[in-house]
Amino acid sequence: MSTKKHSPQPKRSETLSGRLSKSASELSCAPAAAASPPRARSAHHHTPLSVVHRTQHFFTNLKSRWQRSRSRERCPAGTMFTLAPGPDSSGTEYAGDQSSEHSTPANSPRHRMKRESVTRQVSTDPAPSTSGTPAHYPRPPPTELLQLEPDEGQRLREQQLRTFSFFQLRVHLKRGQNLVAMDKNGLLSGTSDPYVKFKAGGRLLHKSRIVYRDLNPVWDECFTVPIEDPFQPVQIKVFDYDWGLQDDFMGSCHLDLTALELGRTQDLVLCLRDPGKPTQDMGEIVLNVTLWPKSQEDKEQYLMKNTRLSDVNKRLKAQIWSSVVTIVLVEAKNLPAMDLDTRSSDPYCKFRLGNEKYKSKVVWKSLHPSWLEQFDLHLYDDQEQILEVTVWDKDKQSKDDFIGRCAIDLSRLEREKTHNIWKDLEDGNGQIFLLLTISGTTQSETITDLSSYKENPRDREIVERRYTWYNLNEQSSGVGWLCVKVYGAKGLAAADLGGKSDPFCVLELGNARLQTHTEYKTLTPNWMKIFTFTVKDITSILEITVYDEDHDHKVEFLGKLAVPLLNIRNGEKRWYALKDKKMRARAKGNFPQILLEMLVIWNPLKAAIRAVNPKEPKYMHQEAKFKRQLFIRNVMRLKAIIMWFIEVGKILQDCFEWESRIRSFLGLLLWLAFCYYYEMWMLPLLILMFFGRAWLIYRLTGGNPLLVPVDDEDLLAEEDDEDEADKEEKKSLKERLQAIQEVTQTVQNAIGYVASLGEAVKNLTNFTVPYLSYLAIIMLLGAMIVLYVIPLRYLLMAWGINKFTRKILRPHTIPNNEVLDLLSRVPDDETLLDCRELKPHPANEHRRDARKKHKPS
């Protein structure tokens, strides 16, 4: 033992010594223990002769066992011993490039091969003799051991698999047959929505698409997955997709890769089984597979690609998306009636893109619902780009009924453009209308990136030629073209707790909506994006809004800007101040601004034609809810317009009352001259006179004061005035309620007066008061005769002379309007209800008493 300790041996000798020591320890236990009695066993180490004898017997057994092992290694191929190569055989080497470092430690082919080799070697060893003396020739193995050995083809395939360090499995998932029905409620009775998962070692290799309502689904998908351990079977599981619930298990099967021939495509039909229901037939799936061996270089390339994929996964976990899919759910038409009692439906929509879902509101009792909802879903790289849309009927007492579905392939849609999409619903009737935009791309190589954008003068010439004034070709969509360069922003408000924000910018022109990517953890973002819009109406307003992105896909408002297209100065790069939500004051922050450059090219003739046609409605126009301040503001706006007419009426009344003789005299002469010389073509001339007056004011003053830019001092002054007004309003709750009461009373009385006039005209024509109706008929006959005999201009001259001379000839008369005076005598509906009589019939008394008894106290 001392010699062995101090004299180093070669590496092979150490390996052999270790194996021999293990075999020796096995041989020195059972035979010796069976041959010696307990007393001898307890005292054998005290007898020198026994120690020497046992040592000699031990090494004799080792020598005999070593000779038998060498003889088995020298046996020719084809015998049963070659199926279990020994530890020193070259067949034990998995790869000479240390490829096992990248394989699964617990399930690597090398470890599996070693374990199987040891098992087969022990099984083929002859049993030791009872006397402890080794046999001098190898005995043949028992018959039952021969039956446990694999066949020659399986052995060769396994030996061939061990010579490669990497594989690729190409799978063509064709279809499923006779799958079990998991949805058995409502209209979904006897159906399933199956999809397939491929797993190996607990890792998901592939997930197929969902085939809705089909027990014989056709997937027809091809994919390639890497395989590091071919001795580990691929587990295939089929599930039934359930919205919002846990998917139902539909069966599983295993794919044994060791049974495949390398490089050969094989068609397989795999039966599905459920461990909990071993006797039930779960159906089968049809696929063909090919296992391709790969070299070490291919493996290294895959590992490099896998490293990049891990970076992508980290980016996905950080919720950094590649694009934003903005969806406006507008309406649906011709939906089937799912509620037979009401012959209607209560439809709502579900959207799914990857792992993100959205559910719309329910529109009750409608076959043509209008939702008008806008939401965002996020699109990631290397993920499925199929938007799934399903329409359901809401049921309160049972499971919701399925109406129809459709799928939209986002990979086929043009980026940075709003698409109007009408889709027919599959598995049902009806159509659904969406506005869909894919924007907010994060890739630097996209055409919207300003850092890589190079302006081509020829492209601008093509656009200018397309929208030149004499080009009225209908093929060119819209009336113009808008280009917006979004450089960045500064001075934004901090929306996060760390004093930073995650800002992104949204651009809206009508129903078109585009947005930039998100710049994280900054108050001075640099988006460097360029966007283009097709201008459908040159009078439209470009709305630019900056939001802060939160982790739950919610947003916070940071600032907004509205720019009319006709006010754009082409090619001017400048900073624009951002406003608050009310668009009346500056947004929060350190004077927040956004740097923009805009260019608009448009056709004046096409824009003029478009201006006299109906305006395109904005689908996401939100109806304002009732607010006290908004109500008072609208009343004041209407009051300002009415006061203008009142001022004009006062001027005319002053002329009629001869408050200023010179003005009244000139007014009378102008009225007589107008009535005598007036022709119909002069009406536009009169309106042009008003435009001429407004044009002179515009040239002298510089335009509408509401369009003149204001500074912070003016805003502060306006805010101070508003604050003072608010303070006056907030003196007491009683005064505020009284102010609201006065405004609502004015509006209430005005609406009531207009309604009374309308009802009086109706009651005058339906002979509610026959006397007044006959009187109106006589007056109309007289007016008809007068208009037939006397020209209209002379009648107008007479009316003007009467109005102007009333103050002189009849100074004490009260001015009136005969038509309104007559209508004031006609009762309205409220007056008729007040004057309706009740029948004083005695037979009704018992019914009245019965009604009083049933009336709740």
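Just so you know, glycine gets a Cβ as well, placed from its N, Cα and C.
The annotation compositional bias 'Basic and acidic residues' is assigned in TrEMBL to 837-848.
On the 0 to 100 pLDDT scale, the domain 'C2' (140-270) averages 80 in the predicted structure. Positions annotated as domain 'C2' by TrEMBL: 140-270 (among others).
Sequence annotations record features per position, and here TrEMBL assigns domain 'C2' to 308-423 (among others).
As annotated by TrEMBL, domain 'C2' applies to 457-580 (among others).
Under the heading region 'Disordered', TrEMBL lists 1-49 (among others).
The region 'Disordered' annotation in TrEMBL covers 63-147 (among others).
Annotation comment: TrEMBL describes 837-857 (among others) as region 'Disordered'.
Look at TrEMBL and you will find 668-691 (among others) tagged as transmembrane segment.
Feature annotation from TrEMBL assigns transmembrane segment to 771-796 (among others).
Using DSSP to sort the residues of the domain 'C2' (140-270) gives these counts of helix, strand and coil: 22 helix, 57 strand, 52 coil. For the transmembrane segment (771-796), same-chain residues at least 6 beyond its ends with a Cβ under 8 Å from one of its own Cβ atoms are 675-676, 678, 764-765, 822, 825-826. Within the domain 'C2' (457-580), the DSSP-based counts of helix, strand and coil residues read 13 helix, 57 strand, 54 coil.
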